[in-house]
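Working notes, structure below.
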Amino acid sequence: MTDKKYIIALDQGTTSSRAVLLDHNANVVEIAQREFTQIYPRAGWVEHNPMEIWATQSSTLNEVVAKAGITSDEIAAIGITNQRETTIVWEKSTGTPVYNAIVWQCRRTADITDKLKADGHEEYIRNTTGLVVDPYFSGTKVKWILDNVEGAREKAERGELLFGTVDTWLVWKLTQGRVHVTDYTNASRTMLFNIHTKQWDDKMLEILNIPRSILPEVRNSSEIYGQTNIGGKGGVRIPVAGIAGDQQAALYGHLCVHAGQAKNTYGTGCFMLLHTGNKAITSKNGLLTTIACNAKGEPEYALEGSVFIAGASIQWLRDELKTVHDSFDSEYFAQKVTDSNGVYVVPAFTGLGAPYWDPYARGAIFGLSRGANCNHIVRATLQSIAYQTRDVLEAMQSDSGERLQYLRVDGGATNNNFLMQFQADILDVNVERPVVKEVTALGAAYLAGLATGFWKDLDELRDKARVERTFSPDSDNEKRERRYKGWKKAVKRSLEWAKEDEE
């Protein structure tokens, strides 16, 4: 216990940067949020400006302190959680990025991953890194930058460049270039990290021709990495004391810290993690084996299913189809009809993630009849999020041999009661929605707070956790299985759609 009153979690996401101020009871006191530009240079390419990421994130940090009317000497620590895999390479001496951040959604390196498969590296990558060979992960993005940005490879070989995922970039900027680190959870998403030895893997660096000198030091998710000054009275220096990739942070924020506990985060993408304790389970069903947070001692493991498009499909309804005015309208319009009228939406806008891993899949609407209307499409789009979650759960249960008893949920789309009820129905398990919705930020705050003595231990945190609503499934198993069978048929027809165009 300390005399400090607050923890700040920096939640650097795919579409916005947020700062969340929490008190000792793990209640959200204040939030500041700023969106930033999404850059689409070509079909399937997605970039961010690293300087804009930093500008929005640093401004929200200052803003949340100002909005709350507090001073920096009341803040115990800062925890960071971030969009994972997104790749930044910058000059060590100037801090200037050599290229835009290549975002996790970006598919530009599909040709590199195809070559990795053709060269027979799939099994080694799966066994060593826990990952499948896919453009999603950082390794091929780093290679692309070094191969395609003029002079980058030569600078990297001379030790003049640094690589980092977004957490590394933020810590570098917060500490004014003094600290170049990542944590185990983010390192495990690069395709460059051996999750068993917990070291950067020399063979992967050789395969992708990436110099070791650009890599950050890998540290635990809960420790003091450095300090930052955000002004205020006396300009007190505040410890940066927690780092976790967004999905692992959410798992920790739900206090899913034991084998068999699972959560699903409904953000831009949809991410389900099942904690597997100290056992790294190699999936036979297209899931990832990844590292989970542990505030004390060695990091542990989880199985993860990554769905690329979840909340982004609701944005698509709003921005491109213009069938809803804002994301909150989707629940209203989905309930204007009693069913989806046989319509299925497969939102494979950037390919399909787990358990299919097909970068050439594309989005499609199936089952349209003359009676289908916009409300059916809205309803089917929401249902697609729940169907994709079931795809992942089926794979998890097969790999782990365990039947899930409940699913803890977080993310913006969990405010949609229609979606949460349909999720419970299609999974046939209880879905638990917590009182504090900012679970990803909560996880980062917990990690930073435990590292600095703001909270004593997990037992203290468990006493603060509360469920706001439990959604229980309906008992109609025949309807559940009929609907899911239709989804599987729709997905099958979406696979490899773009492959011929790119050959």
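Cβ atoms are placed via backbone N, Cα and C, with glycine included.
Feature annotation from Swiss-Prot assigns ADP binding site to Thr14, Arg18, Thr268, Gly311, Gly412, Asn416; the stated evidence is sequence analysis. The C-beta environment of Arg18 (ADP binding site), restricted to residues of the same chain at least 6 apart in sequence and closer than 8 Å, consists of Leu10, Asp11, Gln12, Ile31, Ala32, Gln33, Arg34, Thr60, Ala441.
When secondary structure is read from DSSP and collapsed to three states, Tyr136 (sn-glycerol 3-phosphate binding site) falls in the coil class. The sn-glycerol 3-phosphate binding site feature in Swiss-Prot is assigned to Thr14, Arg84, Glu85, Tyr136, Asp246.
Residues annotated as ATP binding site in Swiss-Prot: Thr14, Thr15, Ser16, Thr268, Gly311, Gln315, Gly412. The Cβ of Thr15 (ATP binding site) lies under 8 Å from the Cβ of Glu35, Phe36, Gln38, Thr268, each on the same chain and at least six residues away in sequence.
Mapped onto three states, the DSSP output places Glu85 (sn-glycerol 3-phosphate binding site) in coil. The Cβ of Glu85 (sn-glycerol 3-phosphate binding site) lies under 8 Å from the Cβ of Trp104, Tyr136, Phe137, Ser138, Lys141, Thr165, Arg189, Thr190, each of these being in the same chain and 6 or more residues away along the sequence. Marked as glycerol binding site by Swiss-Prot: Arg84, Glu85, Tyr136, Asp246, Gln247.
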Three states by DSSP: which one describes Asn416 (ADP binding site)?
coil
Cβ atoms within 10 Å, counted per site: which of Thr14, Thr268, Gln315 has the most, among these binding-site residues?
Thr268
Count of other CB atoms lying within 10 Å of the CB belonging to Asn416 (ADP binding site):
22
Out of Ser16, Gln247, which of these binding-site residues shows the lowest number of other CB atoms within 10 Å of its CB?
Ser16
What subset of the binding-site residues Ser16, Arg84, Gly311, Gln315, Gly412 lies within 10 angstroms of Gln247 (glycerol binding site), using C-alpha positions?
Arg84
Around the C-beta of Tyr136 (sn-glycerol 3-phosphate binding site), how many further C-beta atoms are within 10 angstroms, looking at every protein chain?
29
